[in-house]
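Remarks on the structure that follows.
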Amino acid sequence: MAISLLLWLLLAKGLALEGVVGATFSSRLVHRFSEEAKAHLASRTNGSVLQSWPKRNSSEYFRFLFSSDMTRQRMKLGSQYESLYSSEGSQTFYFGNAFGWLHYTWIDVGTPNVSFLVALDAGSDLLWVPCDCIECASLSPGHYNVLDRDLNQYRPSLSSTSRHLPCGHQLCNLSSLCKGSKDPCPYIVQYVSDNTSTSGYLIEDKLHLASYGRHGEQNSVEASIILGCGRKQTGDYLEGVAPDGVLGLGPGSLSVPSLLAKAGIIRNSFSICLNENESGRILFGDQGHVTQHSTPFLVADGDFIGYFVGVESLCVGSLCFKEARLQALIDSGTSFTYLPDKVYEKVVAEFDKQVNATRISLQQFPWEYCYNASSQELINTPPLKLTFSRNQTFSIQNPILTYSESQEYTIFCLTVIQSEDDYCTIGQNFLIGYRTVFDWENLRFGWSRSNCQDSTGDRANFSSSGGGSTNPLPANQQQSFPNSRSVPPAVAGHASSKSSAATPGHSSRHSLISLLMICVTVGFGYLVLCI
């Protein structure tokens, strides 16, 4: 009986397949710059996409096609360099409260090159520097007491390689504010911090980079990038946070990693390594160690909108809290780590139970859970651990900050902050001790333990492995800050931009997805029309 049933099912399947052998499916091919494609795009958008629509057989028309061909060739040939770093070196710097608790690096822009100390921010896209200032922070090194060199103001008129990005350019998202397509493209970026913003206009110029050759020699590389001429800053940017600019490292089309990758110079990835000595490294194009852990970036509404990952559980000591559908934003531009209300309450309550010190209240710090311990006692704090998607664990090397009140007592705080957001923000304090890889090409976040140095101590390569570095950090590694009553600004610690009116941010990436639903590019410059 069973055999008869099986034969009957196989016969039915064969007849079904035979019935479709003769079936054919067809789709009309529509050229990407045809009037028909133009009409369909106009009906699906507000018309802004059509402002730069090339006239058939015009020089602009052929330039667009040639540019597309070059992009396809670069995709086939791969990137020119495995990794790049600033011509000033790959090192990052940390100045504590003096510069808003963020990590910085020196970059060179323009011809002749001018140096800028920019904050690293994976939560925003735009590179901007103070420029033709109307309202900017003080750039005098004496104003900050931690610098041994001048900060600079960018002047496009003094750079022979600079040019204004015109309003008609495809990357100008504020063209509605322009009088003409050749006017300079304006920009404004509003950051999460209250009343903190930068505004000005967009410039195309050269970024000076370097790479190591096969024999250890350093090779110079100049790359065209787009940067914001920041004429007016507000909020924290006038109070000591990033006075010399911000290097946006987000996945948007205006970020430096995206522009370098689009030009075929590097792969669309970068790494940041922060060590316990308050320094580190940044590399463009780096896709990490072969044995690193990794977890995929998350999709929101059909689009990848930022460096979000899924969190399955948070552990305090041996006790783990499973979290359904919890998301975390990995943000190097945020100093500390922020947890949603309910998650925060569970984590800090369990931490408080397991710590062997007396809790105290300190008004000058933004953290609620601070403790006083005798300097003679060994501070014993429970380890913290995150479990990302695919059961990938991320142990926090640096969950507390210590403060020496006197020789007899030491104050330490758990550096997590309660947030009204429904997602976590993993800031710099949780990333210390790791080489973290933001691999947008493969849509994954990677990490491996590292001391951010190799045997030479100066090369841009990292000593790291999936299981641990050559100089592993203790699981409850503590970070210290100087004996000072200065208040670390909570807003500065959460100062990454989540949207930009000038760049193709979250909203414009959703617009791009809606366009892709209309048509998909295939070979020879034609589109398959999907209505």
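Note that Cβ sites are derived from N, Cα and C of the backbone, with glycine treated the same way.
Nobody curates TrEMBL annotations by hand; they come from automatic prediction.
The active site annotation in TrEMBL covers Asp121 (among others). Secondary structure at Asp121 (active site), taken from DSSP and collapsed to helix, strand or coil, is strand.
Classification of Asp331 (active site) by DSSP places it in coil, neither helical nor stranded. According to TrEMBL, the feature active site maps to Asp331 (among others).
Under the heading domain 'Peptidase A1', TrEMBL lists 103-448.
Taken from TrEMBL, the feature signal peptide covers 1-16.
The transmembrane segment annotation in TrEMBL covers 512-529.
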Counting Cβ atoms within 10 Å of each Cβ, the densest environment among the active-site residues Asp121, Asp331 belongs to Asp331
